[in-house]
Amino acid sequence: MSEDFYDVLGVSRDATEDEIMQAYRDQVSEYHPDVSDDPDAEEKFKKIQKAKDVLTDEETRQQYDQLGHERFEEAEKRGATGNGGGGAGGMGGAGGPFGGGMGGGAGGGMGDIFEQFFGGAGGGGGRGRSGPEQGRDLRTDLTVTLSEAYRGVSKQVTVRRPESCADCGGSGYPEDADVRTCPQCDGQGVVTQVRQTPLGRVQQRQECSRCGGEGELHSETCSTCGGQGQTRERATLTVDIPEGIRTGQTLRMDGEGAPGEPGAPNGDLLVDVTVEEHPDFERDGDDLHHRHAVSFPQAVFGAEIEVPTLDGAATFDLDAGTQSGETFRLKGKGMPRLRRRGNGDLYVTVQVVTPESLSDEQRDALEQFAEAGGEEIDVEQGFFEKLKNSF
């Protein structure tokens, strides 16, 4: 039974990526075959490398935690884990005529089978690498106010991301380290394996696991990055928020993700945007909704009403006899349409406010108003209470 990856590195199951990388560096400095006298150093180093690769990849680590060590290794042999390429689907998958682990995934077919037999690095259904690997994408969150989403704004975000190691220039070893030809691949960077298949004996070329395809070994690794060529650093970047951005939308910053392998581009930084709620406006797509209080006389006689917008005050005509709850539309006073021309609308719902207290003169006037309309006034309740209870 092989050893659990967390135990290999000596970390807890809830260890952070930084803790895992630190444990990896400590183990590498002790068991790297080029610096260790331990006769089992090479085998231990492979285990350490494998444990680090699995536990520092978010998707693969999640699969590992869900499956457990033994089931994960079985799935990996079949090519069913996150970085292993195709799974059990397609021709030659689990239960297929060519046995487990050779499927190209759903939609694989004969091309994947012959690629597995005759070319490509790695096994278990994966495709061979055609060149340096692009850096992975990173994600971060950013919150903006509704006013900032209305006008557009430039904001700064700080992210922790891999950077090329400043001490070794990304090579993974010091400049003065001794160099020798890798004995496992004779300096070729690849090794050839002969396999017996249903089609006969075939040769498969794989990237050398000892030197990582470089064909050379170095007497020591960089103490700063543990031989990885990368360190995690904080980077402060400026994000341009376009007018009309909405919650849940994502902005892509090209080339601001993790660095790629030498000769390959960096990944991208994906910024997930959240727009804060506003105390005066409720957003509905590109439209805004606002509740506005008007007085009883304004509702009765009509008036020019001033309301706030995200671009300053605006006015509209309140019709005489307006009832509480009626809505008025102010065209073009809503949010800008993202990467399109024009704005949405502002919908103002009026709320007729009943005064909480009246002077004697105001009370007499309202009672006369009611009597003129033929309404009977309950002396005990009074017109004001009657009016207030009618809303």
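The backbone N, Cα and C atoms fix where each Cβ goes, and this holds for glycine too.
These numbers come from a predicted model, not from an experiment.
Segment annotation: Swiss-Prot labels region 'Disordered' over residues 53-94 (candidates 53-94, 221-262).
In this structure, the C-alpha atom of C208 (Zn(2+) 2 binding site) lies 23 angstrom from that of C165 (Zn(2+) 1 binding site). Mean pLDDT across the repeat 'CXXCXGXG motif' (208-215) comes to 82 in this model.
Packing against the repeat 'CXXCXGXG motif' (222-229) from elsewhere in the chain are residues 21, 24-25, 28-29, 32, 164-168, 170-174: each is 6 or more residues past its ends and has a CB under 8 Å from a CB in it. Cβ neighbour counts within 10 Å, taken over all protein chains shown, single out C225 as the most crowded of the binding-site residues C165, C168, C185, C225. A Cβ within 8 Å of the Cβ centre of C182, C185, C208, C211, the residues given for Zn(2+) 2, is found for these other residues of the same chain: P183, Q184, D186, G187, Q188, G189, V190, V191, S209, R210, G212, G213, E214, G215, E216, L217. Note: the Zn(2+) 1 site is recorded as C165, C168, C222, C225; in the same chain, A166, D167, G169, G170, S171, G172, Y173, T221, S223, T224, G226, G227, Q228, G229, Q230, T231 also have Cβ atoms within 8 Å of that site's Cβ centroid. Tertiary proximity for the repeat 'CXXCXGXG motif' (208-215) is limited to same-chain residues at least six positions away from its ends with a CB under 8 Å from its CB atoms, namely 33, 42, 46, 181-185, 187-191.
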